[in-house]
Structures are given as structure tokens and as C-alpha cells.
Amino acid sequence: MIRTHRRRRLAIKPIAASPLGRWIQPGTWIALYLALIALPLLVLLLGDRPGGGGFGWDFALALGYAGLAMMAVQFALTARFKRATAPFGIDIIYYFHRYLAVIAFMLLLLHAALLVAIRPEAVGSIDPREAPAYMTLGWLAMLAFVSIMVTSLLRKQLRIDYDVWRRMHTVLAVLGIAFALLHILGSASYLLTPFKRGLWITLALSAIALVVHVRVIRPWWLQRHPWRVTEIRQERGRSWTVAVEPQHAAAFHYEPGQFSWLSLRASPLAMREHPFSFSSSPTRPGRLEFTIKALGDFTATIGDLQPGMAAWVDGPYGAFGVDRHPDATGHVFIAGGVGIAPIVSMLRALADRGDTRPLWLFYGNRRWERIVFREELDVMAGHLDLHVVHVLGEPPDGWTGERGFITREVLARHLPAGRHGFHYFICGPKPMIQLAERSLRSLDVPATRMHSEIFDLA
Ligand SMILES: Cc1cc2nc3c(=O)[nH]c(=O)nc-3n(C[C@H](O)[C@H](O)[C@H](O)COP(=O)(O)OP(=O)(O)OC[C@H]3O[C@@H](n4cnc5c(N)ncnc54)[C@H](O)[C@@H]3O)c2cc1C
């Protein structure tokens, strides 16, 4: 089923690759991240310092300040700064955000536990009627951070809807930082000079300003740069391809394999955006396409979209793509189900550019009739040096091809011997990605040549 709408032209160009820039940038950003955490701590040690607390007391306070600095910088990690995220891919940054949050939380927990253990009389009562306000604010900050940890790490087990969780996460994070700031200002230990107080106030307020940037300013900008749905095409396997075209003049540059956050039916300010890879190629300018599998509340409604509806695109993001590795002598793609979306974007780009390098696609699906882009892949195999290996979970009678999962044996049977310079791109369900990575490792593929895109940010 295809529904179409009038087309408009726009310049969607690929981003120029700069290998040198890509090597310099990650180091610069990591150094900046470490500096942002270390500097406010080092400043505390300059000039007058409170004395008499003993090592344990000072150590516990240092843990608290370190945990808080890390928590504040967490806001920068999810602020979607394209320059900062481009060298790593924003999905990797989100994972980093998750692990660092656990470390920061452990530091804060240790801070509180040590103080209670070492000097319970100085910590005082937990009862807000007896405790000084700054101590109550400290406990409230801790409560906010505990709630963030529980709801984030156990979101799926607690069955918290993603959109609800995201709003809750934002509110709790802002409250946690605000309470913690008031706590350290009230306790005044180490923040003895206006400069030191000013620095920590700036750090905490910058974190809150980043939330305003991501949740208000950027969505407001996006709302003023709308796109329009121009085509909804039914694909195999309960999937739909949605095409959108711009209703504004701002240029949009992306690489094949990247993704965007897409808002449909609700303005970007409503925080109901969902991440989807481009299945279109930047070599075919004028429109963006997303291929979406009906899996949950939002994706199940894609088939009901109508041409002419408004859409908003926040992107591009991600570092999953062949353009990042121009020196590769060939590529191996491993896809499961709708994980083919970013891979077909890359294949379309390679076909349009007349790429002559050898390409292998291992494509896992349950059934033959559910294979998204099956016919197009056959056509592309005629234009590219592309070898498509279908692996079916429930093959039809008489099937002579591969069956089951994409295992080490399946890969070893088809991959050529001279593939030292190849890069490997894996996208699909998490268990499939894990199996593929394990299998490739056992086939001596170095980790630096494996690139995976997990369709799950949290
Ligand atoms: C980088 C990336 C690229 C993706 N590309 C594609 C693609 O090309 N095609 C495709 O079909 N799917 C893609 N996905 C998956 C897609 O985003 C989810 O399937 C979709 O958001 C689920 O929404 P739902 O309400 O239909 O499902 P639900 O059943 O409500 O949610 C299922 C799970 O999807 C995740 N999820 C839900 N809502 C969001 C949200 N707003 N933001 C982030 N994650 C969310 C959560 O982990 C949730 O538990 C991609 C995901 C990521 C992270």
C-alpha cells in the first residue's frame, strides 16, 4: 500500500569525511569531559580550607563533590551536541551516560554512608523537623538520585512507559541537582570564598540550562522547521516506510546509517519523539525515509499516518556507517529484521556511488515472506559486488539456504579468506548482535572493525 504527497526539493548532502579530525576530536572531547569534572574539585583545594575534620571526613566530602560534579556533567552528555557526539555516536554517549551515572551515584552514596559512619553527631537527625534545612535538602537530593537509579535501571521490569520515564527522569535530575546545590551552599564546607561558591553555582545552573536547551529551546527551533509526510509505503514484515520532505530551507546533511529522532502527530515540545535510522540514502536528495516496524504503542500507529501530516526531524546522529571507514577494502553487513534499515541506506549509497568493493550481507529473518527490501536487495546484488545470504528461522519447504541464526559457522561458510581490510556492521535485536560479535571475534575480526547499532537507548 502506498500513499504519496507532493514532493519538494532540498539539499541533503553527505557529510565530508575527515579522518584526521575524527582522531583528534575524540581525545579533545574526553579531555574536556575530565577537565569539567576535575577542575571544580581542584579549585576547592586552593586557598583557605576547613581544618580539623580528619582524613575520613575530608575524603567523604571529596566523594560528595566528585559525585555531584559527575552528575552535573551528565546533563552535557545527553544535550545532543552534534560536534561532541559525532566522533563517538550519540548511542555510545547514552551508554556512557548510563554507566557514569552509576559511578557518580555510588560516589554520592559512599559520601553519605561514610559521613554517617564517621561522624553521626555532625550529620544529625534525618527528621526534617530537627535537621537544618541544608541537610534535609541533601537527603532529598539523595532521594531524587535513588529514584533516578531505580527507575532507569529497572524501567522495563517496573513496566514504566518510556515517555513517562523520560519526563520523570528530567524532573528528578533537575530536582536532584538543585537540592544538591542548595545542600553544599548551606553546609558551606569547602565553599568558603565567593569564587568557589560562584563556580559550583555556575556548574549546577549550567546543568539545568542544558535541560532547558534540550527540552525547550531545541524543540522550539525544530517546531519552526517542520517537515511533511509525503509517502507511507507498506513493506514486508509488519513494517512501513515513511517519507518526509522539508517545509523549510535549512540544509540537512547526513551519512548513510545515521538516525534521527522523529516526532509525528505531537510537537517536539511534547517529548514524544522516537529514534529511527534513515533507510534513505543521502545520494538521493529531496526526502528522508524511515523504515519502521510495528512493535509497540507508537510504531503500531505508523500505518495510519496520512500524507500531508506534519513531522519534525531532530538529527542526524550516530556513528554507524561506511562513510566513517573510507579505507575499508570491503564490508560485511549483518542484519536482523528491521535492523536492515540503516544497512539498506548504506547499500543504496554504495550502489549510487558505483562502489566496486566486495560486500556481504547476512540477513536473518524468521520467514521468507517477511524479508523487508527482499526484491530491492536482489536488484542491488546486480549492480554491486554484493553477496546476500538469507538466514531463515522458519524456512519454507524445500529451502536449501541457511537456517537458524547467524552463527560463526554460517559466517565462516560464506566469508572470503582475504578480508583483512573489511569492516563489519551489525544491526538487529540485542541477542543477534551479541551472537554476531562473539562469532566475529572467534573468526579473528578485531573489535576496531566491528560496528554495532542497538535499537535501544535505555
Ligand atoms: C539508534 C536507534 C535507531 C532505531 N532505528 C529504528 C528503525 O530504523 N526502525 C525501527 O523500526 N525501529 C528503530 N529503532 C527502535 C525504535 O526507536 C523503537 O522500536 C520505538 O521507539 C518503540 O516505540 P513504541 O512506542 O512503538 O514501542 P514501546 O513498546 O512503547 O517501546 C518498546 C521499547 O522501545 C524503546 N522506546 C520506546 N519509546 C522510545 C523513545 N521515545 N525513544 C527511545 N526509545 C524508545 C524503549 O526501550 C521501550 O522499552 C531505533 C532505535 C534506536 C535507539
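Counting begins at 1 with the first residue displayed.
Glycine is no exception: its Cβ is also placed from the backbone N, Cα and C atoms.
According to TrEMBL, the domain 'FAD-binding FR-type' annotation covers 222-323. Annotation comment: TrEMBL describes 29-47, 59-78, 99-119, 131-150, 171-192, 198-217 as transmembrane segment.
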Practice task
Any chance you could find the range in 29-47, 59-78, 99-119, 171-192, 198-217 with the most Cβ pairs under 8 Å to the transmembrane segment (131-150)?
Solution key: 171-192
Practice task
Pop the mean pLDDT for the domain 'FAD-binding FR-type' (222-323) in here, whole number is fine.
Solution key: 94
Problem - Positions whose Cβ lies under 8 angstroms from the transmembrane segment (59-78), at least six residues beyond its ends - result: 33, 36-37, 40-41, 44, 53, 84, 93-94, 96-97, 100-101, 103-108, 110-112, 114-115, 118, 145, 173, 176-177, 180, 184, 189-190, 203-204, 206-208, 210-211, 214
Handout entry: Residue numbers, six or more beyond the limits of the transmembrane segment (198-217), whose CB comes under 8 Å of its CB atoms
Key = 40, 43, 68-69, 71-76, 78-80, 170, 173-174, 177-178, 180-181, 184-185, 191, 269, 271
